[in-house]
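Data first, discussion second: the structure below is written as structure tokens.
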Amino acid sequence: MSELHALLTFPERPISQSYYVPKLQHFLKSGIPATYTLEQVAAFEHEEKNRNGDKEFRESTDDNKTSNTTPLHVLARSLPLDIKDEELQVVMDMMNILFEYGAGWNFIDYEDKTVGDLFLERNQSRESPLYRRLVEAGVSAELLLRKLNGGDVEFLDTDELIGIEPEESVQTAVDGQKEESVGSDDDATAANQQVYLKTELEYKDDALITKENKDGVMMDWETKIMELASETLFPDPEATNSATILNIGFGMGIIDTFIQARKPYRHYICEAHPDVLAKMKMDGWYEKDNVVILEGRWQDTLNNLLDKGEVFFDGIYYDTFSEHYQDILDLYDVVVGLIKPEGVFSFFNGLGADRSLCYDVYKEIVEIDVATYGMKCDYTRYSLDEQLPDWNDVKRSYFNCNYYYHPRITFA
């Protein structure tokens with residue numbers, strides 16, 4: 001452990017401005033990176049031992065560590081449980097200094113934890129100043145990254161954070177709508193819609209998955225979420241029979257079943273995958289009097305509706321597979337033209353849900369993005385403690401948080 005890391009274990013109490021801040025500034029001004037990891041310290045010590053011919057040390061060292069335990073991780077892990085308010089302010093000042101010198105907000109440490117995870121373990125709530133500061137740093141970093149990319153949205157994939165060098169600029173796509181990170185040909189189905197639409201699907205009792213790779217397209221643990229969403233889509237609960245609703249992405253038909261139970265005037269379903277369309281025909285969705293099936297990608301079918309200008313919706317829901325957050329931004333352009341002034345837009349919110357810190361960051365980014373369209377996003381926080389599956393029958397989980405932020409987006 002370097003002197004910088006040792007300082008951040010808070011060896012002296014109380015945590016005072018006069019003791020800690022000057023020392024931290026000294027280390028950073030002397031050239032020690034704010035992203036200097038414990039793993040880099042260990043690698044340096046390893047090389048030193050090798051130069052000195054310490055064979056025993058060389059053989060006992062694990063060269064395969066790919067975590068990034070940054071100074072912020074050390075600070076968060078060392079936070080006293082009995083910390084006082086005045087000490088918290090000093091810690092906040094230290095965090096600000098680390099961020100000024102380029103500290104990252106979302107690296108994964110040797111225990112597979114983010115700084116946010118560690119703050120929560122040290123009795124800092126999601127609304128605490130330290131956790132909120134971390135979220136603010138994440139939002140700022142992601143928006144800056146988007147700006148540097150010329151407007152393209154490229155969120156960090158937390159699966160990719162393990163093994164990257166903290167000093168590197170990382171530009172990889174993040175989980176958008178039940179998508180997985182791109183890392184191999186096996187992942188192409190989940191990351192590329194054109195590949196997905198040509199991929200054979202399989203309906204199981206409790207899930208819709210890709211037949212070969214076992215990617216989870218939709219699972220029945222989402223039922224309560226879909227029930228909540230279906231209620232959101234009807235702005236006037238006393239006039240559901242006059243409502244016109246659009247759902248983008250049929251999947252297992254969970255939300256569409258809830259929508260039908262409310263007997264809307266018209267129920268549009270946009271679906272592009274041939275296997276899903278075949279299932280819809282087999283289950284009688286094409287024969288329902290108030291249902292209109294839009295076969296094809298929403299990018300094509302909804303633009304046709306927009307051009308005609310004949311149909312406007314009380315509620316629009318979006319839940320697709322293998323699309324990115326950039327696709328949601330593109331959808332906003334269509335939504336504002338198809339939704340009624342008092343209408344509601346919502347979507348399955350899996351943005352960054354493989355890590356709770358990322359999930360909290362993307363929650364705020366959505367609020368910022370919809371505001372540019374003159375809209376606002378209100379969230380309902382829903383506990384998932386007894387709902388998440390064990391993921392044994394799917395290749396990789398697409399939702400790891402024990403809570404869900406349900407978005408309700410309307411014109412402000």
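Count begins at 1; order follows the chain as displayed.
Note that Cβ sites are derived from N, Cα and C of the backbone, with glycine treated the same way.
Met226 is the only one of Met219, Met226, Met375 that Swiss-Prot places in the S-adenosyl-L-methionine site (with Tyr196, Phe250, Gly251, Met252, Gly253, Ile254, Ile255, Glu271, Ala272, His273, Trp298, Gln299, Asp319). Per Swiss-Prot, the annotated phosphoserine among residues Ser18, Ser125, Ser184, Ser322 corresponds to Ser184. Residues Tyr196, Met226, Phe250, Gly251, Met252, Gly253, Ile254, Ile255, Glu271, Ala272, His273, Trp298, Gln299, Asp319, recorded as binding S-adenosyl-L-methionine, reach a greatest CA to CA spacing of 23 Å.
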